[in-house]
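Peer 1: Sharing a structure below in structure tokens format, with a few things to ask.
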């Protein structure tokens, strides 16, 4: 009985050589290593003298292909580490150091050159849009009865600025109409708000050029659309407030009356001094034509926007002219009759052309639409090429220690307790840079590729963009101060309305961190656009073209139609937003059916079905294109006599239809027995090679 109790109380056999970390192995069917285990059995005694069996377990080798567990997913919004993969400076010899210096100087000069052509292409792009849609934009302004509706005025401002790609052009038209009493300041304020929205499309178009890399596109598109969301959210709050209280009109009127402004000098135009010599060789426009169309001048409809004569002389002479009656005479002393007609003396202006402009299209006599399409195509190609070159150059320059210094300089906050001042300093920097380059579109468009490659964070780009909004309004204020006396008051009041609108928006969406909704919305849109890149184009077309055109069409039908259609849509959107917030915050208070959107068809709450449709359409187009590619490849192979052609790779990839599946093999560190681990790895590799050979055998060259 005592021996039996001792056997029962004996400890479990100790497995001294068993693996302490079972996670190194993957579960699966394994062959027992009985022979090896039996050889390694030993007996020993514990402290109580009881014999204990010692078993040395060798790791088992699975016949199943070992698959790596997926690595942890990194935050896509983290800035990438731009590592320097080249030779270190300390490892270079004298010749290498001199060569590196010259390469750096050459890259810097190339960067300045591409940046110059990038800015020039933006200017030419604006001219192209004005040629294509400038007259139509002027006609939008000609219907004064529609612009009395604030919503219609807002969408007119958006459409006109999108068409002419310049908020300064649309603002100057508004100023001219206000000065001519064709438009009141109250009706002009919504148009200025719309112009503020329309000007943000330029850097969004620039962001589309970085769609090749998903992570770059995610950051670039979010950095561009943070401007859009700021403007749209500001309008959603401030337009109803202005329609109810007219606070912008009252405030700007008070400022103009309090400070006795006098005409001064024009705003310094630093960037134009550099770019005008080149852009004026390509195209020059007569922008007064759009203003004349907006002011219902019938003669302006037949005039071309392409400027022909750059140097003219205006002569004023006194001539005898006939008038209907003596009441129409300029003065009683200059009025006489010959018994049949009444004559008077009037000043007659005669315009004499002296010299033609020196640009490409001055003697071609092409219609405005043809010139606009040519310039639009060329400027977009140059813009895309310059942007790609700038991104590549920045990627090669901003590496290693240089990238670390620049990132720390741009993205680091002030030490506590002054960290909150960093964003306001960024606003001042954005305003100052925009004031220097005289264009918010140029500043934000130049900043977009820096956001894409990861030099500037979205959180830092947001205050820089807000400062850019202020900088472009200060430029408009200085331009208004340079206006003649007849238009000084109206132009200054419009510019101040633009300024206080942006200040009000900043007070709404920046000082308190949780009110910075544009950052969160832009990141959400960036994630969607990175996954479904076609959605970025849909966003541009829907929000900047289709929605304004729809609202404008409803405005033509009158207030009752606009309210009857718009109010239900707005209420539906608000209901969806409320339900979505409840689903994410406290779903328990919702009915079971409303806790998710699965009760709706998939196409109504997911972009996946739409992505499949667009992917099928794209594949069909690619296959048609690939047929042409095959013909070209065959002709090429017949000419050069080669049996295979590199240019036919797209056809092989298209016909294969599936990417090769890489099956990673577990590292040898997971095995204790080196011989067995090598055998298992060889087995895994042979399976991978077999799969690869099968995929290659199934692939067709032509």
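Please read every residue number as a count from 1 along the shown chain.
Backbone N, Cα and C atoms are what each Cβ position is placed from, and that goes for glycine too.
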Peer 1: According to TrEMBL, transmembrane segment applies to one of these ranges: 460-483, 532-555, 604-627. Which one is it?
Peer 2: 532-555
Peer 1: Out of 492-512, 639-659, 660-680, which range is noted as transmembrane segment by TrEMBL?
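Peer 2: Of the candidate stretches, TrEMBL labels 492-512 as transmembrane segment.
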Peer 1: Give residue numbers and ranges for long-range contacts of the transmembrane segment (492-512): same chain, 6 or more residues beyond its ends, CB-CB under 8 A.
Peer 2: 171, 174-175, 178, 185, 188-189, 192-193, 195-196, 230-231, 233-234, 237-238, 248-249, 251-253, 255-256, 261, 423, 427, 462-463, 466, 469-470, 473-474, 476-477, 479-481, 483, 518
Peer 1: Quick test of the contact rule: Cβ under 8 Å, at least six residues beyond the ends. What residues does that give for the transmembrane segment (561-582)?
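Peer 2: Here the qualifying positions are 149, 151-152, 551, 554-555, 589-590, 594.
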Peer 1: I need to check the long-range neighbours of the transmembrane segment (369-395): which residues 6 or more away from its ends have a CB within less than 8 Å of a CB in the stretch?
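Peer 2: Same-chain contacts beyond the ends: 82, 107, 110-111, 114-115, 117-118, 120-122, 124-125, 127-132, 206, 209-210, 216, 282-283, 306, 361, 449-450, 452-453, 455.
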